[in-house]
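J.: This is the feature table in Swiss-Prot:
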- D246: active site, proton acceptor (ACT_SITE)
- H29, C30, H31, Y47, S75, R122, R128, Y154, H178, N251: substrate binding site (BINDING)
- 1-20: region 'Disordered' (REGION)
Amino acid sequence: MTNDERILSWNETPSKPRYTPPPGAIDAHCHVFGPMAQFPFSPKAKYLPRDAGPDMLFALRDHLGFARNVIVQASCHGTDNAATLDAIARAQGKARGIAVVDPAIDEAELAALHEGGMRGIRFNFLKRLVDDAPKDKFLEVAGRLPAGWHVVIYFEADILEELRPFMDAIPVPIVIDHMGRPDVRQGPDGADMKAFRRLLDSREDIWFKATCPDRLDPAGPPWDDFARSVAPLVADYADRVIWGTDWPHPNMQDAIPDDGLVVDMIPRIAPTPELQHKMLVTNPMRLYWSEEM
């Protein structure tokens, strides 16, 4: 399959945001795809995207006004983290990463990932993206992570309560992708947001990403339901929120977002300079570049 025959899920000419991020701002949730000729996709991949390599990611970073990236291993690459490690290496200190690993990984392999810039592992519970999510094996590997690492968990709101005992048992900090995908049409006091707040209140070391208006708000831009539902959460948990573009927007080929508009959501969910600095600089620095704090 040629590159042009694969899925295009990102805007190739994103607008320039009206909002200017603060100096040192971090895009703390993005991915790279391939290039496939160098980094083949997993045989188990549920989608086959076009190449979206580090040069494209870093050009977007600069275009949007960010200083650093946290690159999350994309599910299409399975547990082979080579593409993500390559992108981190090319960033010359301006990127860190989140790996996806076989739970049987040994300590030497984890140490090598740490040396390569990884600072956590991701557990994915979206059945359309992964075939197996063994909680017992996930807990075992979570107990062997290098010092300072955390676990990123991706799930949808309808299984939050089912996952609570599993998350309670994780022995390291947790970061929740996309707030556990709440139905933002319910508003800030809806059942999904209330359940997510209960989760955040259960542990002081659970963080979240206030991300993906394009995924969570089916009405489309300007994503008013997302802004209305998420702004109170950011205000109430300002020390535990981070943000990212989600570029190159896996599986969003039917509703490709404009990254400039995605960035312009920031002041709507974090309306003060103080909140913006926490979400974009202080908090992700604590998680990913703590040695510089």
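Glycine is treated like the rest: Cβ placed from N, Cα and C.
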J.: Which of the listed recorded positions (H29, H31, S75, H178, D246) has the least company, meaning the fewest other Cβ atoms within 10 Å of its Cβ?
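T.: So among H29, H31, S75, H178, D246, the recorded positions given, the one with the fewest Cβ atoms within 10 Å is H178.
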J.: How many Å lie between the Cα of the residue listed as 'active site, proton acceptor' and the Cα of H29 (substrate binding site)?
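T.: Taking the Cα atoms only, the residue listed as 'active site, proton acceptor' lies 5 Å from H29 (substrate binding site).
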J.: Kindly assign H29 (substrate binding site) to one of the three DSSP-derived states: helix, strand or coil.
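T.: DSSP assigns H29 (substrate binding site) to strand.
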